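Undergrad: Here it is, the structure, as structure tokens.
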Amino acid sequence: MSKPGAELEEVFSSVQGEGMLIGLRQVFIRFRGCNLTCDYCDTPAGTPAEPCRIEQTPGRRDFVPADNPVSLDRVAALVEGWQRGWPGVHDSISITGGEPLLRHDILMQWLPVLREHLPVYLETNGVMHAALGLVINHVDIIGMDIKIPSTSGCTDLWDDHRQFLEIANTRRAFIKIVVGEETEDWEITRASEIIAGVNRDIPLILQPVTRAGDTLGIKPVKALELQELACRYLAEVRIIPQTHRFMGQL
């Protein structure tokens, strides 16, 4: 039986610009659609009628359009070809979005196949804990967001994040919080308490929000103060901006 196709935004090769895998080359598979509307989101909201962009040569931006839904066979063949033609270049496959867990039904069938070629790295907003539980056995590493109200505009997600983290903790995982000048101490305290309540050794990354013109929306001293606050609860807290934006990468 053939695997179901997926509504994708793009498939391409680039360096990871955020989180614990920063600087490593990945195959990015960007799923379309999200369950949240964050104020700082930089991902285009495509519609099902629009084609997916698929890069032909890794990192060269020679995109061609592909009708949605895109088949697993096409994506798997692309990854296999890149692995054969550029051995050792890619560290892993980034399953990103949008929010890929919206299509957990597709992920349950796609991930075992993709994982035959490279480890699977799931980038997620950290809310859909039930969906994570369904695919967790096919994931190697999880980059999870905690959405704080001051920068994301999202509220009342704390319990969802806690439940999500309890499942994510069964894999290698780290957490990212986008912070800005408007971020309040209580937000970092509450997030840090949630993380420490599950596992204080899970790394936390404070990511300065990127504003228009690729400028950072937080003063250095403010970022340091938030880091100092989180370090009261957690063993590893880093400040890392979106480096791919500085390099002109996707």
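Even glycines carry a Cβ here, placed using N, Cα and C.
A quick note: this is a predicted structure, and the numbers were derived from the prediction, not measured.
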Undergrad: Can you match one of R30, R32, R115 to the substrate site that Swiss-Prot gives for V15, Q16, G17, T96?
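TA: Of the residues offered, the record points to R30.
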Undergrad: Compute all pairwise C-alpha distances among V15, Q16, G17, R30, T96, the residues listed as binding substrate, and give the largest one in whole angstrom.
TA: 15
Undergrad: Among the binding-site residues listed here (G17, G98), identify the one with the smallest other-Cβ count within 10 Å.
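TA: Fewest other Cβ atoms within 10 Å, among the binding-site residues G17, G98, is found for G17.
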Undergrad: Among all protein chains shown, how many Cβ atoms are found within 10 Å of the Cβ of C41 ([4Fe-4S] cluster binding site), not counting that one?
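TA: Looking across every protein chain shown, the total is 14.
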Undergrad: Does anything in the same chain, at least 6 positions from T96 (substrate binding site), have a Cβ under 8 Å from its Cβ, and if so what?
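TA: Non-local contacts for T96 (substrate binding site): F28, I29, R30, F31, E123.
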Undergrad: Run through the Cβ atoms and count how many others sit within 10 Å of the one on R30 (substrate binding site).
TA: 22
Undergrad: Measuring Cα to Cα, how many Å separate G98 (S-adenosyl-L-methionine binding site) from C34 ([4Fe-4S] cluster binding site)?
TA: 5
